[in-house]
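Record features (TrEMBL):
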REGION    1-21  region 'Disordered'
COMPBIAS  7-21  compositional bias 'Low complexity'
DOMAIN    51-242  domain 'Malic enzyme N-terminal'
ACT_SITE  Tyr74  active site, proton donor
BINDING   Glu227, Asp228, Asp251  divalent metal cation binding site
DOMAIN    252-507  domain 'Malic enzyme NAD-binding'
Amino acid sequence: MPAHFAPSQPLQGGPSPSQLGPKELLIERALTRLRSIPNDLEKYTFLAGLRGRNPDVFYGLVGGNMKECCPIIYTPVIGLACQNWSLIHPPPPESDPTIDALYLSYSDLPNLPQLIGGLKTRLPHDQMQISVVTDGSRVLGLGDLGVGGMGISQGKLSLYVAAGGVNPKATLPIAIDFGTDNETLLADPLYVGQRIRRLSQEKCLEFMEVFMRCMHETFPNMVIQHEDWQTPLAFPLLHKNRDLYPCFNDDIQGTGAVVLAGAIRAFHLNGVALKDQKILFFGAGSSGVGVAETICKYFELQGMSEDEAKSKFWLVDSKGLVAHNRGDTLPSHKKYLARSEPDAPKLRTLKEVVEHVQPTALLGLSTVGGTFTKEILEAMATYNKRPIVFALSNPVAQAECTFEEAVEGTDGRVLYASGSPFDPVEYKGKRYEPGQGNNMYIFPGLGIGAILARVSKIPEELVHASAQGLADSLTPEETARHLLYPDIERIREVSIKIAVTVIQAAQKLGVDRNEELRGKSSAEIEAYVRKGMYHPLLEAEQQAQ
Ligand SMILES: O=C([O-])CC(=O)C(=O)O
Ligand SMILES: [Mg+2]
C-alpha cells in the first residue's frame, strides 16, 4: 500500500457550522445529538466526523465532558473502532490538504526521506509538535489489528489536544503497515491494509531506523510517541532511539508512570512500609515489565539498593513464575526481574504464586480478562488489611477483574485501579469509587512538557517526574476520599502540573533547548504552559500557537 493521506471529512452541503450560532451552542447541539445515539460505534463515528469537520466544537465538547466522551473517543470504545477500522475509516480524498492520518508501509522505505520531508509543505502547521506512531501489532489487549491501529494513534492525539492543550494542527497520527498475523484480517477482502503476514523484526527495525531519522530531520522539535507495538519491537525501538531523539514508549513508560503514581498513593494508604511491600505482576510483556521496572527504580530513588529493590518483585507469565531456573530461555526483557529461589520452577499458576508470595499488591497487565478470580481476591484480603489490586489490561473485557468483583472479594477493603473505566459500586450500603490507572493521565502532560521545554531526548528521570507530578496533583478533597487518581474532569489542570514538573526535570538534566524558560520560577513556567495551550472556545486569532 503506498503512503496516502486521509484528511478530515468535509461537510456535505448545507450551511457551515459558523452560521449556526456561537461555538457554545454548537457544542450543546452536538452533545444532545451524541446522547441520542444508542450504539457505541455510531457514537464514535459521529465524534470522529465532528473532529474532522469542526475541531473546535469537537474539542470543546470533549474538554467539557471528559467522563462522558473519553470512553468513546478512547478506551474502551476505541478498541471496537480499531476492530472495525476497514468499515469506518474515512476514505482519503485527494483534494483536501489537511492531513488527519498518515499511513506508511515497508515499500515506502526507499522514498521515506522525500515522503517525510515533503510533509513539511503539505501539513497545515509548519511547527509539528507530536506524532503517535503504531504498527497495530498489539492494540490495547486486543492483539494484532493491523492498520486498524490508526484509531489508537488518533485517539491518543485527541487526548493530547483535549487534556494537554496541544494545537490539533500540530499533531500527526501515523500507522505503519508491516502486514498482519491476524487470520481474520488476512481472510477479509474488505481489510484496508495489506493482506500479507507481518514482516520480520529485522525489516521492521530497518524501516524504523530510517523513519525516525527522517522524522527528526524534518521536524527536529517533534516528540514521537511509540504506541501499541508488540513487545519484541517495543523494547528495541525504545532502546535504540531514546538517546537520539525526543521519543518515548507509552505502553512501557507512560503506563509505568501512571501505575507508579497510583502505587505511591496506594502504598501510603495500605500503611505498609516500602521495604515490606511485595509486588506481584501478572503479565510480563512490554507494559508489565515497563511498570515493574519503573516502580523498582522508584524504590531505589527512595534509598534501597538495586538488589533490595529487585527483591520486592515477582513476575508471572503464561508459564508461571518468571525465574532463571525455570528451564526455558527467557527473553531479555524478562531477565532483570527474574527470580532465582530454588522452588521457583514449581510455581506454575498465578494462584500458586499468590499463595507462595502473599503479595501486598497484585497488578494485572496480562490482557486476559477474569484471571483475578474470587479465590485469588479473597486470598489477597486474608494477607492484607488493604490489598492493592490493579486490573490494568484494556479494554473492559480484558480487565483481570471488575471493580465490583474486587470490592466483593475483599469485603470493600481493596485499593483498586483499572486501565479501562468502571462505574462506582454500592456494597453493603456504602459507595466505592474505582481509580483509572490509564496512561491518559501521563502522556498529555509529559508530552506537552517535553514539547514546550523543546527537549533533545526523554530520559527516564522525566518519566519519573511525570509520575511525581501526577501523584502530587490530587486536591485535599480527593486525598480525603482516598482516591488513587484525580478526577478525570480536571485532566487539563493535572496535565499542566505534570508539564511544569517535567520542564523543571528537563532543565535540571540539561536536555531542555528552550532558553526562554531557563531561570524561570514554577509560577512563571506554569503561566508559560497555560499560555501555550490550545483553547477550543477561543477564536483562532486569540490562540497563542
Ligand atoms: O490505550 C489505553 O487505554 C492504554 C494503553 O496504552 C494500552 O492499553 O495499550
Ligand atoms: Mg497503548
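Easy rule for this one: first residue shown is 1, then count along the chain.
A Cβ is built for glycine as well, from the same backbone N, Cα and C atoms used for every other residue.
Annotations in TrEMBL come from automatic prediction, not curation.
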Legend entry - Asp251 (divalent metal cation binding site) to the residue listed as 'active site, proton donor' - Cα separation in whole Å: 15
Legend entry - Per DSSP, three-state class assigned to Tyr74 (active site, proton donor): coil
Legend entry - For the divalent metal cation site built from Glu227, Asp228, Asp251, further residues of that chain with CB within 8 A of the site's CB center: Thr134, Arg138, Val139, Ile152, His226, Trp229, Ala234, Asn249, Asp250
Inset, instruction - Tell me, roughly as an integer, the mean pLDDT over the domain 'Malic enzyme N-terminal' (51-242). - result: 94
Inset, instruction - Give the distance between the Cα atoms of Glu227 (divalent metal cation binding site) and Tyr74 (active site, proton donor), rounded to the nearest whole Å. - result: 14
Inset, instruction - According to DSSP, folded down to helix, strand and coil, what is Asp251 (divalent metal cation binding site)? - result: helix
Legend entry - Tyr74 (active site, proton donor) and Asp228 (divalent metal cation binding site), distance between Cα atoms, whole Å: 14
